[in-house]
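The next block holds one structure in the form of structure tokens; read it before the comments.
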């Protein structure tokens, strides 16, 4: 049975209505003279995660900030004394439970560290979801959208800087403090000494491909975040009332195409197309044909810009020299065969495939979930994502349709690209807003 609200660690005072907003209807405790006050959860930990993201990145602390802030949020929720849940949340924690069980297949100290880092991030994302659901008064939808817009501005600003300074790499305080045995790992090095761009020069290419990556180590991660946050920008355009702010957002969305095109990121375009087509289809079935016509016009202009800018040719050129598609197909085949050796629990973490020199369980979040946590783990994750989207299907406003397109974009992307902690956080925060709106009344 799905539980709508749950109390930790004590039940509401006698006479309080079940499911009321924490802090409502509390009376002085009999015989004590003291008033029991349930405080609202503060907004600052979530804003520190989102608005403070560029600072975490510049410090080299971006890999650690989500875990730190999730710990703070957990302590705040437990201290407050009541945690409310809504339908659609528990499947995430069922998935986390399966991730924990998959740890029995760990086989080395290195794999333990990788497993703990990934599992910790998944747990942190779950904490963020529950925190937003419980912080209705201090974290309204507009504030969460504002925080995600701050991440988007960071993405576009650093992506543009990468075009001019592709070879720049930051020396961060956290990076200088970490021991060499950690920073000798290429991924750790890129996280704590982050580059602005991913510079690739496949054999035979006459010049390198400078692909914006910051505030992430890889251009594909940049593209995934762009595809997930652009619908949030469109939602904000629909919500804001001030013409100057609306115009600034529209101008920013147009300018953001420059670094986006420079990434030559195929999966990004797949995710964006899925989100846009989804919203247009929903508008069409609502009978809002003028909005559909305007959307089709914008989509046509965007496609023309994509071709005229040479971005399509750059993608084709990179494919000519690197054959990344053929390499991916080979990796996917080997990953599938290895998954069938541990179909239920998986292998706990990605593992190197020595013959091709690439780790199985990479090059797509679906493949990571399937290889690391088995077919059951993959199924639980997909069930969470699809079920949450289905539960919040009945959205009417254009702004909410754009928000609802975020999990659609994620589903289109994850067969090809991975989801880092901030990308996954963006998806889950949007779902938390939609689920909260669906099941909980607005706070007084």
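Cβ from N, Cα, C; glycine included.
Secondary structure of the domain 'O-antigen ligase-related' (252-361) per DSSP, as helix, strand and coil residue counts: 78 helix, 6 strand, 26 coil. What TrEMBL records for 252-361 is domain 'O-antigen ligase-related'.
As annotated by TrEMBL, region 'Disordered' applies to 1-31.
Per TrEMBL, the feature transmembrane segment maps to 55-78 (among others).
Per TrEMBL, transmembrane segment is recorded for 85-106 (among others).
Positions annotated as transmembrane segment by TrEMBL: 112-133 (among others).
What TrEMBL lists as transmembrane segment is 145-165 (among others). With a threshold of 8 Å between CB atoms, the same-chain residues lying at least 6 positions outside the transmembrane segment (145-165) that come near it are 46-47, 49-51, 53-54, 57, 196-197, 210-215, 222, 225-226, 229-230, 232-233, 235-236, 239, 249, 252, 255-256, 258-260, 262-263, 422, 426, 429-430.
Per TrEMBL, the feature transmembrane segment maps to 218-237 (among others).
Here TrEMBL flags 244-261 (among others) as transmembrane segment. Long-range neighbours of the transmembrane segment (244-261) within the same chain, counting only residues 6 or more positions beyond its ends whose Cβ lies under 8 Å from a Cβ of the stretch, are 149, 152-153, 156, 159-160, 162-163, 212, 222-223, 226, 230, 233-234, 236-237, 268, 302, 305-306, 309, 311.
Residues or ranges marked as transmembrane segment in TrEMBL: 267-285 (among others). Sequence-remote contacts of a segment are chain residues at least 6 beyond its ends whose Cβ falls under 8 Å from one of its Cβ atoms, and for the transmembrane segment (267-285) they are 220, 223-224, 226-228, 230-231, 260, 291-292, 295-296, 299, 306, 398, 401-402, 404-406, 408-413, 416-417.
Look at TrEMBL and you will find 292-316 (among others) tagged as transmembrane segment. Long-range Cβ contacts of the transmembrane segment (292-316) within its own chain (Cβ-Cβ under 8 Å, at least 6 residues beyond either end) map to 209, 257, 261-262, 264, 266, 269, 276, 279-280, 283-284.
Feature annotation from TrEMBL assigns transmembrane segment to 365-389 (among others).
The annotation transmembrane segment is assigned in TrEMBL to 401-418 (among others). Within its own chain, the transmembrane segment (401-418) is flanked in space by residues 220-221, 223-224, 227-228, 231-232, 234-235, 238, 266-268, 270-276, 278-279, 282-283, 328, 362-368, 385-386, 388-389, 392-393, 395, 426-427, 430-431, 433-434, which lie at least six positions past its ends and keep a Cβ under 8 Å from the stretch.
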Using Cβ atoms and a strict cutoff of less than 8 Å, what residues sit near the transmembrane segment (218-237) while being 6 or more residues removed from its termini?
145-146, 148-149, 151-152, 155, 159, 190, 197-198, 211-212, 246, 249-250, 252-253, 256, 259-260, 263-265, 267-272, 275, 279, 398-400, 402-403, 405-406, 409-410, 413, 417-420, 422-423, 426-427, 430
Take the domain 'O-antigen ligase-related' (252-361) and average the pLDDT across it for me.
86
How about long-range neighbours of the transmembrane segment (55-78): same chain, 6 or more residues beyond its ends, C-beta under 8 Å?
8, 41-42, 45-46, 48-49, 117, 120-121, 123-125, 127-128, 130-131, 134, 154, 158, 170, 172-175, 188, 191-194, 214-215, 421-422, 425
By Cβ distance under 8 Å, which residues at least 6 away from the ends of the transmembrane segment (365-389) in the same chain are close to it?
88, 91-92, 94-95, 98-99, 102, 115, 118, 331-332, 335-336, 338-339, 342-351, 404, 407-408, 410-411, 413-415, 417-419, 427, 431, 434-435
